[in-house]
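Let me begin by presenting the structure, written as structure tokens, before commenting on it.
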Amino acid sequence: MSEDGFQQMSFVNGICTTKGGQHVSYIVDQITAKLVGVLKKKNKGEAVKPNYIKNHMFVYVSALIDNPAFDSQTKETLTTRANSFGSTFNLSDKFLKQLEKSGLVEKILLAATQGGSSGKRSRLTGIPKLDDANHAGTAKSKDCTLILTEGDSAKTVAVGGLAVVGRDYYGVFPLRGKMLNVREASHSQILKNEEIQNVVKILGLKYGQKYESTKGLRYGHLMIMADQDHDGSHIKGLVINLIHHFWPSLLVVDGFLQEFITPIVKCTKGRTKEVFYTMPEYEAWRERTNQGRGWIIKFYKGLGTSTDAETKEYLSDLQTHQIRFTYDGDGDADVIDMAFSKKRVEDRKDWLRGYEPGTYVDYDVDEMGYPEYAYRAGFVNKELILFSMADNIRSIPSVRFKPSQRKVLFCCFKRNLRAELKVAQLAGYVSEHSAYHHGEASLQGCIVNMAQDFVGSNNIHLLPPIGQFGSRLMGGKDAASARYIFTNLEQLTRLIYHPLDNDCLKYLSEDGQSIEPEWYIPIIPMVLVNGSDGIGTGWSPNYNPLDIIKGLRQMINGEEIAPLTPWYREFTGHIVEKANSRGTDTGNYIVQGLYEVTDDSTLVVSELPVKSWTQTYKQFLEGLLDAGTIKDFKENHTDVKVLFTITMEQKALSDVTKAPGGIVKKFKLESSLSTSNMHLFDAAGHIKKYENPKEIMAEFYGIRLEYYGRRKKAMLQKLQDQIKLLSNKARFVLAVVEGKLVVNNRKKQELLEELMAEGYDQIVPKTKKKPDNEDSNESEDEEPNVADASRGGGATSTRNSLMQRIL
């Protein structure tokens, strides 16, 4: 490799050709032709010019040429053309592969990115929103810390806190959101990314340089100040990824990379204070303290929630809030690469399968110094994994529901949504009452999807589509605006999700608000009824609800489940399983549309494969029309039925019919689907691969059977409590009538003591549940509340409560 442009040393028949010539070009052209393809692949499809590659090469060539010709008597340059060499020579694949691994490719890519490097400068201008440290870029720069914040509001928080630590050694720069994943970006993307280039300039970094210390940088420390939520963890990870990808040696430098942590929850009770930096840690504490009853609890949605006084408090106690990342060699390098490299998909799947719910980082502070945080053992495996799991939970369905669908159903049940309501209004209601933290447009899309009923959507829609919710013409993309369409609860929905299961469900809590249950338990596995479509997990097909019910009854009777074949309501085509040589189930199916050749030049298509939409198919036919494959086509379909009449030349239609695959292949009337690679969250919250729908049925069967037992137990308990209550009332009335119990002119406490002494049954109160039709701000469970903790008249309240338990 050359550091100073293209260089060569070459010989022809033992004569030194100091200026090279055709023999050198012959070899160099072969190398650059190979590396152009390699670099394009590594550079995300963006080509690198051959001359740019050549400028980084140092080649040695020794050649034997028949009757060589030179440009002069000094024989410095060979002029003989390659076709006159007398022989040919091609570089071997082994040599070219070794060249790929030599580091030349990485050096060329690094050099292409070099334009953003700036080096150490004492004064920077032209970077908006940068509050530079006064000593940055000076002899004292090694003691300076650059704080990268999550957005402008967080920057304001950080700047406010600088009143404590001063501006001489601390600079602040806001990130605009999530940084580019440089590991998967081309060099031009990186060069054009203003945010990354600004960070490079502010720190004074140089691409390709190996740092053993921070002596040549404008800042000696880089501190990430992001929210303590999952997205904040992702932002930290992307910054770490940037440094590791281009300057891995900086991760070894002690104290260079740091993070600043702030509380996500604060709990106070009198003078006692509990502070939590992760939600799983808070949830574990909440379980140990009777759901935090009696505590005043404040949730911090982001850095912007903190007051100026709190920020100053944090910065005055750096030993608690400043966390230093520590590098543990190849193990740390591997997990960082695994988390952000597209090539490591399978490794990430294994990583996520090993996740245990309740995992969190323990930020215990070492009294002898600042807390440290290893990349592998701490950040990636205990913090970044929470972001990945949260992201997967949003996008990968479970054996039950995706969270957004569960939130919609919860709020519909809570509101007892019988009257028609605009989708936009329902989305707002769901956002408010279920602590939904994402855009309402996404929530509106979820509601629309749950109500769609065209071919290829839901076999059972849980919400009715009142208005234009989309059709098979455009696969639902033709739905009207959420402001103009209505929905409510489908009557069938409450039969599938029976209210008698409510007492058996575990309701979640977020931001101090009781929200939807951890899961709903339908009477049939709805993930099979309506299928699922998760990011990165593929498409799981729909099945006939009647076949599913039949299979569950077979399981109840101890029989083998009959094979389940994908099924879509109102689909008139064919779904057949692909055969194999062993005659066993393959789990792979062919989905066929319908066509008919009505005469020698006419083809009528009356059904398309599932999820092949009418408008898309029309565009496909227009392409065939432009290419001259067909003469014309007419459309006679509706939003429900497909009907294309296609005319062709007689010979063209005959040739297509005789060709391999025939009309089905030429006109794309066949697709395939698999039932052997379905990834869902299982009952334990782990991502699991299901080989076939029977495995999903078996898991559902076990869960549903368990919850039928719980339902029965809850119903019996209610009946027993009712018997106790009615018996107490009858006994009480009889005692008063017979004069055995005097109630007039007696204090309630005295009467209560007598009832308890007489052995009246007390009914243990159940966790407070809200009826489905109760539309109020009361939580599903009793939550800690400031008013509850300080309300007067405690003795009276207790007496009333005890009396209610008895009568």
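Residue 1 is the first one shown; counting continues down the chain.
For all residues, glycine too, the Cβ spot is worked out from N, Cα and C.
Annotation comment: TrEMBL describes 144-258 as domain 'Toprim'. Secondary structure of the domain 'Toprim' (144-258), assigned with DSSP and counted as helix (H, G, I), strand (E, B) and coil, comes to 55 helix, 19 strand, 41 coil.
Across the domain 'Topo IIA-type catalytic' (394-807), the model assigns an average pLDDT of 86. TrEMBL lists 394-807 with the feature domain 'Topo IIA-type catalytic'.
According to TrEMBL, the active site, O-(5'-phospho-DNA)-tyrosine intermediate annotation covers Y484. In the three-state DSSP scheme, Y484 (active site, O-(5'-phospho-DNA)-tyrosine intermediate) is classed as coil.
The region 'Disordered' annotation in TrEMBL covers 762-807.
Annotation source TrEMBL lists compositional bias 'Acidic residues' at 774-785.
If you look up TrEMBL, you'll see 796-807 marked as compositional bias 'Polar residues'.
Here Y484 (active site, O-(5'-phospho-DNA)-tyrosine intermediate) comes close to K422, G467, Q468: these same-chain residues lie at least six apart in sequence, with C-beta atoms under 8 angstroms from its C-beta.
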